Amino acid sequence: MTIVTNLGFPRIGARRELKRALESHWRGETDATQLQHTARELRARHWRLQRDAGVDLPPSNDFSLYDHVLDTAFLFDAIPQRYRGLVDADPLAGYFAMARGRQADNIDLHALEMTKWFDTNYHYLVPELHRDQHFALRGNKPIAEFEEALALGITTRPVLLGPVSFLLLSKTVDGSNRLDLLERLLPVYTQLLRQLQESGAEWVQIDEPTLVLDLDAQTQQAFRKAYAILNQGPRPKLLLTSYFGPLGDNLELALQLPADGLHIDLVRGTEQLDAVLNTLPAGRVLSAGLVNGRNIWRTDLDNALTMARYAQGHVGADRLWLAPSCSLLHVPVDLEQEKNLDADVRNWLAFAKQKLSELRVLADALDNKPEAETALTQTRQALEARRQSPKVHRPDVAQRLAALTPDTTRRNTAYPQRSQAQQHTLNLPAYPTTTIGSFPQTLEVREARAQFKSGKLSESDYEAFLKAETERCVRTQEEIGLDVLVHGEFERNDMVEYFGEQLDGFIFTKLGWVQSYGSRCVKPPIIYGDVVRPAPMTVTWSAYAQSLTDKPMKGMLTGPVTMLQWSFVRDDQERAQTCRQIALALRDEVQDLEKAGIKVIQIDEPAIREGLPLRRGEWADYLNWAVESFRIASSNVHDTTQIHTHMCYSEFNDIIEAVAALDADVISIETSRSRMELLDAFVKFRYPNAIGPGVYDIHSPRVPQEEEMVLLLKKARAVLPPEQLWVNPDCGLKTRGWKETRAALQTMVHAAQRLRAE
């Protein structure tokens, strides 16, 4: 019988139970025991769901209260000194302090840096290491969760982040080489593997996703060294797991490593199948990632079955496992909850639970079970209906794309001329202050939105409520002394969803939540067809906010690349083409904002770097169409209109030329968690336009001191001319409270005033 396995399951719960449990605990409403009870219930539910879906070997230790990379650092005692006292006194509080920071009980701790998990929209906490790092086992989470499942009668395969990937995903605070710590780390892995074997684990999934990256000779040698040592001690069988792309030139390396099985991504790396089959060592299991773990479209089961049969013919039925391409962390839990979704589109989709069923169908078809044919036929019909649907293809969009010319992507004049025109119009002081866009979405705001959507609040009453919140926001910014204001975005539930709801070609789920980080969940739109803007989307609220103040008001848009990256994107055409469609829709919106008297327009692109292909050789093509799309959206304005963009969680050193090519008048970037490290890019590259390096971290509730911000601004001033510098937070303030927001922004304005006075 063909084995069905899974690499990871969504943690948050079908109805975001984990989010609610975490936030209740952080507010002090529940204790650690209650939080852990919810966690155990979720794990049990998910293991049973996978078992009932026909998964023969589900994972364990894929669950986390916040982040699996943080879990790994915590497990191996890679805890920075500043957290030691709290961790020793209260491990769970210390764990959350590492994730979120802590400012209470005379404790003032920064959180660990956060960054994107490869090219996904999931964020992980970056472990901090140093040359004298000591590793030791702290707790027994992987063993405890394996035994927890076993007590339910379910045998699982524990998941570990592999030692080399763990080090490569970390940072050293003293500039030392991360891989030099391998010899210190491996004994702890060896100890853990031995304990897992003693607990009865037959297999361990050891994730080394960095195997799909460009690796230098030193890193390749680190892999060889690591697995040679892990192979010496008693251990369970190891499933070496790669995902997010083909192994490419690391295939030979992966096959040299002494593992008992190899998982490959056959969705993003279809082309690697022949090479793997021709070189897979005798006796080694092949886990074939045939179902897309990152997107929500139904699998072409005929195509997947063809690959599976081909693989089975080479390795034999007993050595072939069927799996998703990667962990299902990146997709919603269950499509069955979406009762009100357009029936046609719904029939084209598969969420985590349905993807497991697809794998079972493939396994049954491989085993020649007749019941598989019904599901195969249903899938064929759904895919054909999608190909033929008029909901997907619009001739007017194709015509507009064909009419694009180089002039579509150019401003009227170069930045030096535009900046003079803008300063004449806006009359801003040195070190102008602004925010990134959103202001706190309080419980009252969320409740009013929910009441409006459920019909309990009339449209006129809801609009009156939003106007009052917007005016409060504008008055608060004026009182604080900010120079360029925003309207607060109280009408918006999400920076992508808000726009997608107003664009043809997008559709939204009700419960299609996925984890972004910690308790932060997002509900990505689904781009199922050609994108068109039927009517203005933001003009009414921006114009209203501008009518309340004489100060410049920023129009706030989400950029085309970010809308693409943060959506589930159609897989029947190139991503670049979909991005250009979104850009044209935004171009129309930008023009309407300018006509309405909005002189500053921000087009956020926080996701531009995460769209980079994992292999550097593929970067140029992506950056070309990403930059082109931004310029399509932003170039149809007068010189006096100032175009801003915002980017967060980004490293710019290697894409600084592309960032400059966007030709935004002002960019704001996330820099505070990295203590302005991102500005290193500007030492070698003379960035031509204005820039606002974020001076405080909005992902943490702590209010920074004025001196901290002044120091960061002085660091920025050492790299950039003062006339190019803006002063702003790292990101939007949606998730913060009003009290801390007001205090932090007041401190920020005072910091800017100090620099002006020097």
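Cβ from N, Cα, C; glycine included.
Taken from Swiss-Prot, the feature active site, proton donor applies to His699. The DSSP secondary structure for His699 (active site, proton donor) is coil.
Counting every protein chain shown, the number of other Cβ atoms lying within 10 Å of the Cβ of Glu610 (5-methyltetrahydropteroyltri-L-glutamate binding site) is 22. The 5-methyltetrahydropteroyltri-L-glutamate binding site annotation in Swiss-Prot covers Arg16, Glu17, Leu18, Lys19, Lys116, Arg520, Cys521, Trp566, Glu610 and is backed by sequence analysis.
Secondary structure from DSSP puts Glu489 (L-homocysteine binding site) in coil. For Ile436, Gly437, Ser438, Glu489, Asp604, the entry in Swiss-Prot reads L-homocysteine binding site, with the evidence type sequence analysis.
Of all Cβ atoms in the shown protein chains, 24 besides its own fall within 10 Å of the Cβ of Glu489 (L-homocysteine binding site). According to Swiss-Prot, the feature L-methionine binding site maps to Ile436, Gly437, Ser438, Glu489, Asp604, an assignment based on sequence analysis.
In the three-state DSSP reading, His646 (Zn(2+) binding site) counts as strand. Look at Swiss-Prot and you will find His646, Cys648, Glu670, Cys731 tagged as Zn(2+) binding site, backed by sequence analysis.
In the three-state DSSP scheme, Leu18 (5-methyltetrahydropteroyltri-L-glutamate binding site) falls into the helix class.
Counted over all residue pairs in Arg16, Glu17, Leu18, Lys19, Lys116, Arg520, Cys521, Trp566, Glu610, the record's binders of 5-methyltetrahydropteroyltri-L-glutamate, the longest Cα to Cα distance measures 28 angstrom.
Shown are the recorded positions His646, His699; of these, the residue with the fewest other Cβ atoms within 10 Å is His699.
The binding-site residues in question are Ser438, Cys731, and the one with the fewest Cβ neighbours inside 10 Å is Ser438. The two recorded residues, Glu489 (L-homocysteine binding site) and Lys116 (5-methyltetrahydropteroyltri-L-glutamate binding site), have Cα atoms 25 Å apart. Using a 10 Å radius centred on the Cβ of Lys116 (5-methyltetrahydropteroyltri-L-glutamate binding site) and all shown protein chains, the other Cβ atoms total 20. In this structure, the C-alpha atom of Asp604 (L-homocysteine binding site) lies 17 angstrom from that of Lys116 (5-methyltetrahydropteroyltri-L-glutamate binding site). Counting neighbouring Cβ atoms within 10 Å of each of the binding-site residues (Leu18, Ile436, Cys521, Cys648), the lowest count belongs to Cys521.
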